[in-house]
Amino acid sequence: MTTVYYDQDVKTDALQGKKIAVVGYGSQGHAHAQNLKDNGYDVVIGIRPGRSFDKAKEDGFDVFPVAEAVKQADVIMVLLPDEIQGDVYKNEIEPNLEKHNALAFAHGFNIHFGVIQPPADVDVFLVAPKGPGHLVRRTFVEGSAVPSLFGIQQGASGQARNIALSYAKGIGATRAGVIETTFKEETETDLFGEQAVLCGGVSKLIQSGFETLVEAGYQPELAYFEVLHEMKLIVDLMYEGGMENVRYSISNTAEFGDYVSGPRVITPDVKENMKAVLTDIQNGNFSNRFIEDNKNGFKEFYKLREEQHGHQIEKVGRELREMMPFIKSKSIEK
């Protein structure tokens, strides 16, 4: 049964008197740090020199190299990209951990797959907002919040649970609700959602729809409008009220087509393929492939990225977006 915690459920402020080091000052890092600071906590930033280092200073934080930030902290929240966490942990975090420090993450990848293996005498917890950093920050300022997940991997001090919930409250998450989970569940469901649906599944569905229309002789511009541009209209309806809201809002023709043609596209074989994707996540095949490719300079990753960048749908999209000044268009430089 799902357990959800709110402000009133966090009885003890286990962060009181503790120094928090936020390692990283990107999307999640700036939101966590600023929300904690606004709630009165002692926050320092650990980061390497660069734009984010300068931005954190501009925002009024004490900023240090990662090792120095960790040395002075009781709670260390690691908010770096998955692929660099392992090296930063090994070289800058682990040598400076002390007994009963708390090591925290917003995604469980490196803990769950064993890239990072903390010593047994530190707490390890997860607080994972279910939204991007700018939304975590904006909703906090507005007095609301983004729902979040939390979980405990190890509790050496006996206070890991209280610290995790206090941290979740500190970034504002308990205003909306914090769902209890595990590193395993958070990691595997997050990766599956990205690969099978949100990123991999949707991108290939759109691309295949575009190719089907163009190969049948239809204008690429019309194909783009029908399978990519209008996707936002449907996703917004889904976001606001689920599939029922989509079906309530679209025409009867579209709804009928949903029922009779959807199962022809997403067949039982597709679900079996999804299960295979999930299995590769669960057994470590995907993580091993990602980790090894990272060690080899991301040769496979960059090759795949370049292949997708050259697809016709991207060229058509760039041209059509110039006709729509109401869209805040983004061109990704290569």
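From the backbone N, Cα and C atoms, a Cβ is placed for every residue, glycine too.
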Candidate sharing the NADP(+) site with Tyr25, Gly26, Ser27, Gln28, Arg48, Ser52, Asp82, Glu83, Ile84, Gln85 (per Swiss-Prot), from Gly131, Gly133, Gly143
Gly133
Listed in sequence order, residues with CB under 8 A of Glu226 (Mg(2+) 2 binding site) and six or more positions away
Gly209, Leu213
Restricting to the recorded positions His107, Asp190, Glu194, Glu230, Ser251, which ones have a CA within 10 Å of the CA of Asp82 (NADP(+) binding site)?
His107
So Ser251 (substrate binding site), by the Cβ count within 10 Å over all chains shown, scores 8
Which of these binding-site residues is closest to Glu230 (Mg(2+) 2 binding site) if you go by CA atoms: Tyr25, Arg48, Ile84, Glu194?
Glu194
Tally of helix, strand and coil residues over the domain 'KARI C-terminal knotted' (182-327) according to DSSP?
122 helix, 0 strand, 24 coil
